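Listed in TrEMBL:
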| type | residues | note |
| --- | --- | --- |
| TRANSMEM | 6-25 | transmembrane segment |
| TRANSMEM | 32-54 | transmembrane segment |
| TRANSMEM | 66-85 | transmembrane segment |
| TRANSMEM | 121-145 | transmembrane segment |
| TRANSMEM | 165-185 | transmembrane segment |
| TRANSMEM | 194-213 | transmembrane segment |
| TRANSMEM | 225-245 | transmembrane segment |
Amino acid sequence: MIFYGLIALTAISLISFLAALLVSTQHHRPKFVMSLVALAAGSLTSDALLHLFPEVVEGGVAPLKIGYGVLGGIVLFFIFEKFLYWRHCHIDPDEPGHVHPFAYSNLVGDLIHNVLDGMMIAAAFLAGLPVGIATAVAIALHEIPQELSDVGVMLHAGMSRKRTVVLNTLTAFSAFVGFFLVIIIQNSTSIDTGLILSLSIGGFLYIAVSDLIPELKHTSCGKDSLIQAIFLFLGVFVNILLLFLD
């Protein structure tokens, strides 16, 4: 079962790489990138509230503990972003090569999410091949719009095409860390996945509400605003559809 799990993870990681490569070729089209930012906002919020939150609740985590985790995620991402702003305060925001801190916040959130994906895939394949395949397919379908939107966020933040593809691919392969972590300590209860998921919820909501949605409010053209609204709803709609695969 471990072998099949590794095949599934490799396939998902390759999909992420191809998605990053495809979208990065469109970096010269601002309207396209902003549409992906809207897709990311819808995808992150709906993933946090429709997938991660129910997963934590169904896991029997105490409501107060969930609240602490979500709040902790928001605070941690706020501090992380402020630290990045402090480190880059001497750089002119309009200077070529400047990258806005929310790009790195998004990467951290994606990193945590991919590690958790790896953990879920490992647990599913340990439970059996049918369960493992179903879980891998659901995660793969989720990763496609998620990776597309993540690349859009990083390009919009000023990150170069090459750096975007490299960093996004590295975060995608971080799923192997979560996978092997579960395999190594599968009989241990030392990993508090409920708390980790709660932190991810807080981080995803912070990125969407604090960084991405405010960027969309700068658009004044009615047609562009409508397109962004459609993409935001699309990000939500895809996650709603994925509920039927859970």
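Residue numbers in this text run from 1 along the chain shown.
Note: Cβ is positioned from N, Cα and C throughout, glycine not excepted.
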Leading stretch by Cβ pairs under 8 Å, where the reference is the transmembrane segment (32-54) and the options are 6-25, 66-85, 165-185, 194-213: 194-213
Paired segments the transmembrane segment (66-85) and the transmembrane segment (194-213) in contact, 3+ CB pairs under 8 A: yes
Most Cβ pairs under 8 Å with the transmembrane segment (165-185), selected from 6-25, 194-213, 225-245: 6-25
